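Here the structure comes first, spelled out in structure tokens, and everything after it is commentary.
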Amino acid sequence: MDSGSPGTPTSQPGARKVVRVLSGERLWPPPIWMMRQAGRYLPEYRATRAEAGGFLELCYTPRLATEVTLQPIRRFGFDAAILFSDILVVPQALGQKLWFAEGEGPRLETFDLAALPLVDPATAIGRLAPVFEAVASIRAGLPAETTLLGFCGAPWTVATYMIAGRGTDDQGPARRAAQTDPAAVQRLIDLLVETSIGYLAAQVEAGADAVQIFDTWGGNLDDADFERFAVEPVRRIVEGLRGRGIGVPVIGFPKGAGARLPAYVARTDVSAVGLDWQASLGFVRDHVQPLAPVQGNLDPLRLVTGGAGLDAAIDRILGTLGAGPLVFNLGHGITPDGRIDNVTRMIERVRGAGEVRDHG
Ligand code: CP3
């Protein structure tokens, strides 16, 4: 890192493009990467996953995690790679049994919330050593100009899976717990905050240039619980990292935050914010981008449906958000039926974009 004071990362000339934008610079055309860019829409991913025997084997075998992380970089030349892992390795390291049933998504063995802590954060982080090994090996295999992103789940999103034991339509079980036993949920959140700080710090020490905190279910809370369980834990993670002298950009991704995005950015002090595809572009340009660089927000289904609709959706993002700091991305992960030809078309259109005229 440079000498920027903690909490205000500044980029140096020659820094990697995505880091420069996350640090507040506007680059044109904007750099681009894609959530879930290593995944089942790629035949080479499916082959490596079959070789590994399962998804978690991929995550915990540094050689294979490196291979799948690098696959979309080789194929598409994205400006950033994201560590291949999952947000749910943290609960597993904390002692909760985790498995992925084929085609069904994650399953966790439920436990008595009153019986916390499972294990202490330091023990959990020790168990995640293969992840840090993968980060170092990915960095060694990446082109010098490619940004490497580490990540974790936000405490609330991780807690929703830990409490329900699986993903549900509205994560009702965790919202119910937050309303009936807020103290027990708070203890779980506190454990996840501590673990996440150490986990992200270790990823940065192993070579991550920036980190993203995925809060897929943050927007699902009412105002008061959004503040308590989505905003405050992320604020503490950012503060904890800065307190350890870690100045790398931190991207918050509070999916579904909508009109609460400006408050989220201001209160958490994240360096940049990820936008889901429902985020209103004009609102973001006027009320979010003045506070922080933004990343997003193409509807992942555009990569299935393609055509002129894909081009127009890309142009609306570039036209409305292109005058400020923007990292082009999807509004959520690419789906397994996302088409490779549409990914190529998206990258060519973004990289070929001429100077923007504001569409607002
Ligand atoms: O973006 C990337 O390429 C990095 C890798 C990454 C994965 N999961 C790989 C993965 C990241 C950053 C995640 C984050 C994650 N995992 C989130 C937050 C972001 C989001 O997508 O909302 C959540 C909620 C999870 C939990 C999780 N993992 C679910 C709900 C599922 C099942 C859904 C699905 O797509 O199957 C997973 C599995 C998972 N994580 C896969 C991948 C590539 C698919 C596993 C497979 O190969 O079968």
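Numbers run from 1 along the shown chain.
Cβ atoms here come from the backbone N, Cα and C positions, even for glycine.
Unlike curated entries, TrEMBL annotations are predicted automatically.
Taken from TrEMBL, the feature domain 'Uroporphyrinogen decarboxylase (URO-D)' covers 31-40 (among others). Averaged across the domain 'Uroporphyrinogen decarboxylase (URO-D)' (31-40), pLDDT in this predicted model comes to 98.
Annotation for Asp86 (site 'Transition state stabilizer'): same-chain Cβ neighbours under 8 Å, separated by at least 6 residues, are Phe55, Leu56, Cys59, Pro106. Taken from TrEMBL, the feature substrate binding site covers Arg36, Gln37, Ala38, Gly39, Arg40, Asp86, Tyr161, Thr216, His332.
Annotated site 'Transition state stabilizer' per TrEMBL: Asp86, in sequence order. Annotation note: Asp86 (site 'Transition state stabilizer') sits in a coil segment as assigned by DSSP.
Counting same-chain residues at least six beyond the ends of the domain 'Uroporphyrinogen decarboxylase (URO-D)' (149-165), those with a Cβ under 8 angstroms from any Cβ of the stretch are 18, 33, 80-83, 85, 87-88, 90-91, 96, 106-111, 113, 135, 171-174, 177, 185, 188-189, 192-193, 196, 199-200, 203-204, 208-218, 221, 229-230, 233-234, 237, 251-252, 254. Residues annotated as domain 'Uroporphyrinogen decarboxylase (URO-D)' in TrEMBL: 149-165 (among others).
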The largest Cα to Cα distance in Å among the residues Arg36, Gln37, Ala38, Gly39, Arg40, Asp86, Tyr161, Thr216, His332, listed in the record as binding substrate, is 23
With neighbours defined as other CB atoms within 10 A, the best-packed of the binding-site residues Arg36, Arg40, His332 is His332
Taking DSSP helix as H, G and I and strand as E and B, the domain 'Uroporphyrinogen decarboxylase (URO-D)' (31-40) has 0 helix, 1 strand, 9 coil
Reduced DSSP state (H/G/I helix, E/B strand, rest coil) at His332 (substrate binding site) is coil
